[in-house]
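Take a look at the structure set out below.
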Amino acid sequence: MKLHLKGLRIAFFGTSDFAAYHLFVLIHCSIHKIVAIFTQESIKIKQKSSILSIHTISQINNILLFQSYFLSQSQINHIIKNLNIDIIIVVSYGVILSQEILHIPKLGCINIHGSLLPRWRGPAPIQRALEHGDTMTGISIIQMNSNIDTGDILHSTPCKISPKDTSYTLSKKLACIGSIALLKTIEKIILGTCKNIPQDTSNITYAYKLNKKEAHINWNKSAIEIERRIRAFNPWPVSYFKIKNQYIRVWNAEINKNSINTDQYNDFQPGTILKTHPNGIYVITGSGIIILTVLQISGKKKIHVKDLMNAYSSLFTMHSVLT
């Protein structure tokens, strides 16, 4: 016998493109009604990706939108109570919800998190997984409590990390996985078949918030570490270096595998340009050579090194040192 599920009244809390994808799927692929959206996203944010922004989705679908940095916690509490919400769904929201809000919805609050908890609790799980060379990550859906990402796990789905994944590409993969998992989890919550699994406290790591300073490339690190960070910080804050008073952003790089585990470049200062080539700029690091392939001069568009060198070859002379 086929069960007929009743649609829920949902309040959605989310800010990023990652959140927007989940919101889009909830609206267009479920029977549930999004009655209010709360976001930290500025209305001035321009569309920079193929994924609709939170604001655009709310406008197209005529859903109440609240920019929560203009509201106090008590005001948010009041709004949620008056809207008769069944469940709150939180995806990459950026602010901790108060204890009172967590207890208002009949079915509580659930959070979609971009890692296999308890690994990478915190605000930057996708970036930190890439930075640390993880080969596997995933999506966790948890029942929220008063602490950060510590609630019982309702659902988890693993996802392989490709050697070429950036935060942008991995976020897109996880958004696809997470949105499907979210629909399944809501159905289980309605049916009362969801199992709450406490997190394993023996494997906790924390994904600290990103900042622009850490995007400054430290050439004393190994080529492997630098390449990971370049992928982790794409599309924000974007790794960068300085040469001849020019700030250069690095969007893509490769490791020269032949240079790993060799000491033949120990006499060179890390950051020294070994050579330039149509396929990239070869730079000596604390261990190994990294090949910079896609760069962006300040105020210009990102471009492959092969094309960049036609206009800026004087910037990247052999044995110049990047800082």
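Using N, Cα and C of the backbone, Cβ positions are placed for all residues, glycine too.
According to Swiss-Prot, the feature (6S)-5,6,7,8-tetrahydrofolate binding site maps to Ser115, Leu116, Leu117, Pro118.
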Within 8 Å of the Cβ centre of Ser115, Leu116, Leu117, Pro118, which other residues of the chain have their Cβ, at the recorded (6S)-5,6,7,8-tetrahydrofolate site? His113, Arg119, Trp120, Arg121, Pro125, Gly138, Ser140, Asp149, Ser156, Gln199
Which of Leu116, Leu117 has the fewest nearby Cβ atoms, counting only those within 10 Å, among these binding-site residues? Leu116
Out of Ser115, Pro118, which has the highest number of nearby Cβ atoms, where nearby means within 10 Å of its Cβ, if these are the binding-site residues? Ser115
Structural state of Ser115 ((6S)-5,6,7,8-tetrahydrofolate binding site), classified by DSSP into three states: coil
